[in-house]
Amino acid sequence: MYAFYSLLVYIFYTVFKEEKDALEQESEKRTASQGQVDKTAELADSPLLTVMHHLLSFLEQYSHLHQLQQQVEQYRAQLKRHRVHHHRQMKTLRSSYRQRLADKNSIIYAGSSESGGLVGVHSLVQSLSGLQGERSRLRGELRLLHSQLEEKEQDRHSRVLAFQQQIDDLKGCIEEREEELSRLRTASGATDSEKRVVCLSLENDSLKQSLSVTQGLLQQLSAIPSQSSSMLIKENESLRGRVQQLETSLQERELQLELDRERVKEPVVKYVSQTVEVESASTLKQLSKARQKNDLLAEKLSAHNQRCKHLEEHIRVSDEHSCNLQHKIAAYECEISKLREELLKEIGHLEEKKEEAVKAASSCSAEHFQSLQEQFFGLQKRLTALPPALRSMKTDYASLRSQVRNFSDFYGAAISDAKKQITAAIHEMSKANKELLEKYRKEVALRRKYHEQLVELKGNIRVLCRVKPVLKEDQHEEDQSVVVTTDPNNESALSVMNKGKGRTFELDKVFHPQATQEEVFQEIEPLVTSCIDGYHVCIFAYGQTGSGKTYTMEGSVENPGINQRALKHLFNEIEDRRDMWTYTVNVSSVEIYNEVLRDLLSKDGEKLDIKINPDGTGQLHVPGLRVTEVKGLQHIKKILAKARRNRITFGTQMNQHSSRSHALLCITVHGTDLANGSKTTGKLNLVDLAGSERVWKSGAEGERLKEAQNINRSLLALGDVIQALRGSQTHIPFRNSRLTYLLQDSLGKGNKTAMVVQVSALESNVGETLCSLKFAQKVCKVELGPAARKIESSAGQCD
Ligand SMILES: Nc1ncnc2c1ncn2[C@@H]1O[C@H](COP(=O)(O)OP(=O)(O)OP(=O)(O)O)[C@@H](O)[C@H]1O
């Protein structure tokens with residue numbers, strides 16, 4: 001069994017050793033070839049290899065231990081053989097003694113019964129001498145045995161010492177391993193290898209324990225032979241003493257036998273027999289003593305036998321222990337075989353991986369090779385195609401070189417030709433351009449003429465009417481009927497139903513309720529354009545409160561009104577005329593509330609006054625009014641928003657509603673003709689009038705009444721001006737109100753005016769609607785005469 005284990009361990013040892021050596025050699029080779037630590041070197045340092053390394057060292061220790069165990073076994077077997085030999089010798093000695101004793105006894109008894117007398121004594125003497133010879137031989141044998149025992153004792157002692165030394169070395173080795181294991185445990189974390197190392201250390205501990213048990217057993221075993229040898233020596237000595245005693249007892253017996261024989265003889269010998277009787281009693285005594293001694297010897301023999309049994313029992317226990325040890329070894333071997341299997345599996349797994357990697361690499365390299373081959377063939381093809389292309393390129397290059405040599409001459413000639421052609425073309429172009437410009441000027445003048453004619457045809461004072469759509473918030477009372485209707489076939493007519501009677505008004509243009517801001521502006525647009533041409537234009541919205549005046553003039557952010565659209569249109573026109581005219585557009589905004597003028601573009605909204613310009617032109621002038629030059633659409637939006645804000649703010653500060661004031665946006669356009677330097681100054685007044693209400697109807701009192709009266713007064717003054725203009729009176733009462741005074745230079749004769757009359761379609765407002773429409777019809781009848789263009793030639797003359 002031990003041989004099998006040792007063989008197995010040796011096989012493991014050699015296999016692991018070979019693998020380890022192979023890996024190390026490979027690692028060394030790669031390190032030497034690459035000059036750096038590669039994957040194998042990493043593998044050599046991997047926990048698996050460390051565990052293998054420890055396993056190998058452990059196997060080495062185990063093989064060493066096993067050798068020691070074998071030695072112990074051999075020694076045990078030797079001891080057993082010696083013990084058996086001694087036992088046999090003792091047995092033969094005992095049997096020979098017994099035999100001889102029996103022989104002596106039989107001789108003595110036979111001598112006493114058959115031969116009797118001196119013959120028996122003689123034979124006894126003979127047998128005694130034989131026994132003495134036998135005793136001396138036995139003594140010699142005992143001495144020999146003793147010397148052999150001493151030799152074996154010495155040999156055993158020396159072996160035990162050597163064994164002890166080996167055990168000490170082994171202990172040292174195990175301590176070193178333990179230290180290394182603890183170091184490895186701290187170096188590498190809690191991995192599988194560490195667990196294995198812990199298992200191995202545990203097994204090491206158990207082996208150490210079994211080793212210590214074996215040591216104890218050995219000590220016991222070493223003690224056993226020495227005890228047995230000393231006991232044998234003692235036994236020998238006692239046997240010697242007994243032999244001596246037996247010799248003396250035999251001598252006494254012989255004497256007793258002689259005396260017995262003498263007693264059996266004739267009466268002559270009676271005297272002698274008496275003597276013999278005396279001697280026979282002492283002999284009997286001796287005989288009984290001898291028997292007692294014999295019994296003692298038998299007892300000792302049985303004690304010796306018991307001792308032998310005890311020793312056998314001890315040997316059996318040690319055998320059991322060795323059997324246990326064998327079991328442990330078997331378990332350990334089983335563990336080793338498992339580890340081996342795992343290792344083999346791991347190696348197999350690694351082999352598989354390696355094969356896969358090799359396969360992948362080979363397939364990849366094959367693909368790469370194929371692609372390279374394809375590239376190579378492609379390149380070959382291109383190379384074969386290259387020479388003819390190269391030849392043609394060479395010829396091209398040669399021709400180009402010759403061309404380049406001739407190029408400077410060719411280039412000079414071409415440039416001079418081109419110059420001639422360009423100058424001719426420029427000449428022609430400038431000529432054509434001049435003609436075109438002339439035509440264009442004529443066209444523009446014609447357009448302006450036609451435009452003016454158109455405006456004049458339309459009338460220099462134009463009255464438009466816009467009907468406000470019925471909104472939800474306007475229907476304060478239920479079932480309010482619509483009394484104002486427009487005629488889809490007649491854009492100038494408007495009908496109003498009042499108390500069952502219908503009345504039709506004829507105006508320049510009537511916008512139905514769904515008319516858009518754009519549609520309204522399109523009607524106004526020619527007037528706005530004439531402002532650029534140097535005309536003074538006034539556009540104002542008239543109507544009762546809430547009829548949509550502010551909506552038409554200002555509009556909302558998403559849907560702007562006339563103000564923003566007019567400014568935008570001006571800028572578009574200016575952009576179109578950029579090549580011939582330059583323009584500057586200035587804007588100011590004022591509010592007239594209770595006959596007080598306020599600047600809507602200044603922060604504080606200071607009060608202003610209207611004066612005649614001191615330059616002697618007779619033009620009106622508002623000192624302190626903020627005039628802003630407008631740069632573009634975004635600027636326009638900002639200015640209009642500011643004016644709207646300030647109108648609301650001032651209204652709030654004064655606790656007034658903004659609808660109770662007239663808001664004016666004054667746009668002045670200065671133009672310069674780039675061709676002749678003549679200058680034009682156009683004016684565009686866009687007016688959002690305060691609501692025209694009947695004071696009695698509104699029921700206003702106090703401040704509200706004053707406010708309403710002021711509005712009515714100014715509107716009345718406007719009506720008076722219109723009336724005077726209509727009657728072509730020489731005096732036009734412009735100065736009757738701030739509003740008319742301010743509109744003087746754009747409302748009078750030679751100017752262009754447009755009034756947008758805002759009306760509500762609801763029955764509840766029919767009175768106000770009729771009033772507004774009557775006023776509108778009056779305005780319609782005004783004749784302003786041909787409009788006069790405010791143009792100043794470059795010499796300073798006015799047209
Ligand atoms: N054509 C229209 N389409 C849609 N809504 C309109 C129209 N006209 C006026 N509105 C709306 O009617 C309301 C009153 O209009 P707006 O303020 O313009 O009247 P107003 O005549 O200027 O009044 P006030 O004289 O009191 O200033 C506003 O909410 C306005 O948006």
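Note: Cβ is positioned from N, Cα and C throughout, glycine not excepted.
All TrEMBL annotations are machine predictions without curation.
These come from TrEMBL:
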| type | residues | note |
| --- | --- | --- |
| BINDING | Gly543, Gln544, Thr545, Gly546, Ser547, Gly548, Lys549, Thr550 | ATP binding site |
| COILED | 135-187 | coiled coil |
| COILED | 236-263 | coiled coil |
| COILED | 287-360 | coiled coil |
| DOMAIN | 460-782 | domain 'Kinesin motor' |
Measure from each Cβ of the binding-site residues Gln544, Gly548, Lys549 to the atoms of ligand 1 and list the residues where some distance is under 6 Å.
Gly548, Lys549
Coarse DSSP state, helix versus strand versus coil, of Thr550 (ATP binding site):
helix
If you run the three-state DSSP split on Gly543 (ATP binding site), which class comes out?
strand
Just to be sure I understand the packing, how many Cβ atoms besides its own are within 10 Å of the Cβ of Gly543 (ATP binding site)?
29
What's the number of neighbouring CB atoms sitting within 10 A of the CB on Gly546 (ATP binding site)?
19
Taking the Cβ of Thr550 (ATP binding site) as centre, how many other Cβ atoms lie within 10 Å?
21
Around the C-beta of Ser547 (ATP binding site), how many further C-beta atoms are within 10 angstroms, looking at every protein chain?
26
If you count other CB atoms within 10 A of each CB, which of Gln544, Thr545 wins among these binding-site residues?
Gln544
Taking every protein chain shown into account, which of the binding-site residues Gly548, Lys549 has the largest tally of Cβ atoms within 10 Å of its Cβ?
Lys549
